[in-house]
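The structure appears right after this line, and notes come after that.
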Amino acid sequence: MIFQDRDTLDSAPPFWDRLWRHRAACAGRDTRPFFSPDTSPLLKEALGTCLRCPVSTECLAFALDERIPYGIYGGARANWRRALLIRRPDVKSWSDLLANARAEHYRKNPHPRSGQR
Ligand code: SF4
């Protein structure tokens, strides 16, 4: 899994974006790199796109909830997601879990664009 840089995090909304696909960094791009074999140099390109994506958490939650068995989603490879699903069979909705975690985070650390700092 990748971690977003500070600028990308600051451009991400402090709320759960249910229409996340519209703001995806990969929207309108060739999706083949996201479904390349692990040894392909194209995979690095896909991971770089996810690194700059403001909705990567929403994307990851979608892939986990839908049990998508292939490709890069949210900067996470399929084997990483599979391992997470095995470790956490108790999670019924990754979208709910991660949305609640985000809300809790911003309750404790107001978003830089919220004007509450
Ligand atoms: S996290 Fe990656 S795969 Fe998901 S929407 Fe963003 S760029 Fe696309």
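Quick reminder: no glycine exception, Cβ is built from N, Cα and C everywhere.
TrEMBL does not curate its annotations; it predicts them automatically.
Note that this is a predicted model, so its numbers are computed, not measured.
Listed features, source TrEMBL:
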BINDING   CYS26, CYS50, CYS53, CYS59  [4Fe-4S] cluster binding site
DOMAIN    25-83  domain '4Fe-4S Wbl-type'
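Same-chain residues that are not part of CYS26, CYS50, CYS53, CYS59 yet have a Cβ within 8 Å of the Cβ center of the [4Fe-4S] cluster site turn out to be ALA24, ALA25, THR49, VAL55, SER56, ILE72, TYR73, GLY74, GLY75. Its Cβ taken as reference, CYS53 ([4Fe-4S] cluster binding site) is surrounded by 24 other Cβ atoms within 10 Å in the chains shown. According to its DSSP assignment, CYS59 ([4Fe-4S] cluster binding site) is helical. Taken through DSSP, the domain '4Fe-4S Wbl-type' (25-83) splits into 31 helix, 2 strand, 26 coil. Mean predicted confidence for the domain '4Fe-4S Wbl-type' (25-83): the pLDDT average there is 95.
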